[in-house]
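Data block below; observations after.
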Amino acid sequence: MKLLKLVPDNTNIGFVAVRKWAFALTALLTVLAVGATLHKGLNLGVDFVGGLMIEAKFPQAVETDKVRSTIGSLGVGESSLQQFGDPKTVQIRLPLPEQGGAGAANAVVEKTRKAMVAEFPGVTFSRYDTVSGKVSGELIQNGVLAVVLAILGIAVFSWFRYEWQFGVSTFVAIVHDVLMTLGFFAITQLEFDLNIIAAVLTIVGYSINDKMVIDDRIRENMRKYRKMDMKSLIDLSVNETLPRTVMTSVTILLALGALLLLGGHVLRGFTAAMMLGIIVGTYSSVYVSSSLLISLGLSPQTSEKKAAKKGDYAGTAERVGPRDDGAKP
Amino acid sequence: MLNFSRWAIAAIILPLAIGVLCAIPSFLPDATVAHLPRFMQTRVNLGLDLSGGSHLLLEASTQDVAKQRLTNMEEQVRTELRRGDPKIAIGDISSRDGKLSFMVREPSQVDAAVERIRPLTQGAGLTGQRDFNVEVVNSSTITITPTDAGIKNAVKSAMEVSTEVIRRRIDEMGTREPTIQQQGDNRIVVQVPGLQDPKALKALLGQTAKLEFKLVDTTANPAEVAQGRAPVGSEVLPYVNNPSGVPFIAVKRQVMVSGEDLSDATQGYDQSNQAIVNIRFNSSGGRKFGQVTSQNVNRPFAIILDGKVLSAPNINEPILGGSAQVSGSFTVESANQLAIALRSGKLPVNFVVVEERTVGPGLGADSIRAGLIASVVAVVAVAVFMFVSYGRFGMYANLAVAINVLVILGVMGMLGATLTLPGIAGFVLTIGTAVDANVLIYERIREERRRGRNVVASIEHGYKEASRTIFEANVTHAIAGGIMLALGSGPVKGFAIVLLIGIATSVFTAVTFTRMVVANWVRRTRPTDIHI
C-alpha cells in the first residue's frame, strides 16, 4: 500500500523571500478585521450584554415574522429573532426588564410562554437563559482577562524558553489570530458568547503549539548549522516541519468538520470559530511568525549565548554536525 | 530505548488499565453500576446542558446585611441604656450613612453610656477585632460605626447560614442531586439537574421567610396610618388584603413570637377549605404565644411574612396549645412553599437571581446524541486518515487515541468532573491534538530515514527529538487551559477540564504508550525497512 503524503519529501519553498508580501497581506487583513469589528460590531450574546434568551422549539416549521409579531404585541421590549438552519427552532432574545429583578424576568418568560402556546400550540422552550447586567459585565471582564493573560503567559513562556524574538513574534502572530477571529464574527454576525471565548483560548493554545514546533526546529537547526544564514535556516526549518504542520491541521479540521456538520446547533459557532482559527493559525505560523524573527534581528550568536548561559542543552552536542551524522550502514 | 523492562511495561499498562476500567461505569445503566464495588462507581457527571436542568446564580445584598446589623444594634442600644440600670436617657437616634448616632440627654452620663455599649460592639472572633467603633462627637453624641472586618464577618456568617437554609429548602422539594455552592463573597450557585420548570424553585428561594407575630396597634389614627405615620412604638406595614380597604396597618414594634420559635410547619386547610399553613411552636414559643394571647383577648394580632402583613385575625380566646394557623389567601402551592420555607428556617439575607440558565431535557438529549455522532465520525475520519498516512504506525496512534479517550473519561470519573457540551467539543479537539504528537514523531522518523539512519536509530531519534517539542507545545496548551479553568465560568470550565486532562493523558498515550508498542514490534520482527 502506498502511504498518503500530503506534502512531498524535501520541499524547499522560499517562505522567507515572500515575507514582505506576507506581512503586507497580513497587515491588510488584520486592519480589515479590526475595521469590521469596529464598524459592524460583534453580535454579543446574552452572556455579555445581559438579557433574556429563549430557544423555542415548534412542532412544525414557523415563520419568524409571525413569532415576532406575537411577541411584539406583549409589550416586553424589542425582540430579536434568529434561526439556525432548523426551521422549527427559533431563538428569541429580549431585553431584561429594568426593574423588579428576578421576579420580573420570570414574569416575562411566563408571559411569552403563554402567548406563544396560545398562538402556536405544542411549542416548547427547550432552553432559556437570563443574565443580569452585572453578571454579564463580569463575564466580559473575565473573558477579556482570560484571553489577554493566556496570550501574555504564553509569550512570556516562549521568551524564557528561547530568545525574546520568539516571544515577540509569537505574540504578534497570536494577536493577529485573535483579531482575525473577531473580524470573522463581526462579518458573519454569528453570536459571540461564552463558548466563543473558550474557542478563542483554544485557538491561542493551538496556534502557539504550531509556532512552538517550528521555533523548536529553528533552535535545533541554529545549533546544528552554525554557519548557515538566518534566511535559509528559517526556510529549512519551516520546510522540514511542513509535513507535520499540514498533517496536524488537516486532522484537526477533519475532527472539527464532523462537529460542525453533526454536533448540533448549540456548538456551531464554537466549531466555526475553531476551524477559522486553525486555518489562520497555521497561516501565521508558516508565513508570519517565523519570518518575523529575521525582521526582529535573530542571529545564531544570540542563540548561542543563551544556550551557553542556561546550559540546559548540554545533550545537544551530539547533534552538531552534518545531516547524515549517526547513520550507520 | 527499545528495551522496556517488565517493570516499565507494567508501569505503563497499569495506569492505562485503571483509567479504562474507571471509564466503563459511565457507559453502564444506573442499576448495573449500583451492583459494582464502590471503587468502580466512578462516573462522569453530565452537565446541565446535557442532562437538562436549571442553573441559578443567587446574589445576596450585602447592604441588607449591614443595614440589618445596624437595626439590631439600635435595638440593643435602646434596651441596654433605657431599660438597664441606671437608666440613661437617649434621644435623636438615627441610622444614616451606614452608622448609628444618638444623643445622651445628660452629658455627665456620656462616659457611662460608652462603657455600657462597648461590650455590645466586641466581635466574636479570636482576633479581638471590634465589629463596631464607638466614638463620642460634640461631647454628647455617640456614633457607632460598623468596621469593615465586622461587616465582612457578618456577611460571611450570613452566607454560611443561607447556604444551609437553601440546601434544606431544595432537599425538601425532593429534587435529585442538587449542587449548592457558595461562590465568591456573596453568591450562591444552585444547580438542579432534571428540573423542567424552575419557577417553583425560584419562588422558594426568593422569600426570606421571616415570620413574625405582632399585636395590631388599634389606637392608631387610620388617616395617619394611610399616610404611613404610626404612633410611637408602632410601625406601618403593608397589608394588601386589609378588609378595610387601606393597604396599610399599624402594628406594635415589639415581636410577640417569631419564626425562630417554630418547631414545624405544614400545609393544611381551614374550615372553609382555604389553603393555610399550620404551624407548631417550640415550648418557649408556645409559652410566649399563650401569654400574649391571654393578655390580649379580643384584640387583633398581625401575621407578618418578610415585612408584609398576611392577615390580622382577632384573638377570640387565649391560644395555649402551642400551635396556630397562618392564613392569607394562599393557593395550595404557595401554602406548601411557605411551609417548606418556614420549616427550613429564614434566610438571614435577601437573594436575587442574577443569572439563570435552564435547559429542557429534550435539548440535552439532542445534544448528547449529536455530540456522540460527531465524536464517532471524528474518530473514524481521523483514524482512517492516520492509517492511510502512516500505515501500521497510524494504527498504533489510533489505538493510543482510543485508549486516551477512555482514560480521559476514567480520570473525569475519578475526579467527579462534569461533562458539558463544550466538554464534548473538547473531546473532539483532543482527538485531533492527540494525534499531533504522533504526527510529530512519525514525521521525524520519516525525516531521519531520509537522512539515511537505520530503522532503530530513526525510531529512537524520532521519539527523542519529538518528545521535547511535544512537551513544550503541551505546556503552552496547558497554560491556556489553566487560565480557562481559573477564570472561565460554566461552559468554559467544562471545556478546560477535558482539555487539561486530555493534555496530560495524551502525552502519556501518544508518546510513552506508542513507543512501547513500536519497540515491541521492532524487537519481535527486526525490520530492515519500515513503511511509514
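Cβ coordinates come from backbone N, Cα and C, glycine included.
Whatever TrEMBL says is automated annotation, not expert-curated.
The structure displayed is predicted, hence computed values, not measured ones.
Here is what TrEMBL records for this protein:
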{"type": "DOMAIN", "residues": "B:159-217", "note": "domain 'Protein translocase subunit SecDF P1'"}
{"type": "DOMAIN", "residues": "B:244-349", "note": "domain 'SecDF P1 head subdomain'"}
{"type": "DOMAIN", "residues": "B:350-522", "note": "domain 'Protein export membrane protein SecD/SecF C-terminal'"}
{"type": "TRANSMEM", "residues": "B:368-388", "note": "transmembrane segment"}
{"type": "TRANSMEM", "residues": "B:395-415", "note": "transmembrane segment"}
{"type": "TRANSMEM", "residues": "B:421-441", "note": "transmembrane segment"}
{"type": "TRANSMEM", "residues": "B:470-489", "note": "transmembrane segment"}
{"type": "TRANSMEM", "residues": "B:495-518", "note": "transmembrane segment"}
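For the transmembrane segment (B:495-518), the neighbouring stretch richest in Cβ pairs under 8 Å, chosen from B:368-388, B:395-415, B:470-489, is B:395-415. Cβ atoms under 8 Å from those of the transmembrane segment (B:395-415) belong to residues 16, 18-23, 25-26, 42-44, 379, 382-383, 386-387, 427, 430-431, 434-435, 438, 442, 497-498, 501-502, 505-506, 509-510, 513-514, 517-518 of the same chain, restricted to positions at least 6 beyond its ends. Counted with DSSP, the domain 'SecDF P1 head subdomain' (B:244-349) comes out as 28 helix, 45 strand, 33 coil. For the domain 'Protein translocase subunit SecDF P1' (B:159-217), the DSSP-based tally of helix, strand and coil residues reads 23 helix, 18 strand, 18 coil.
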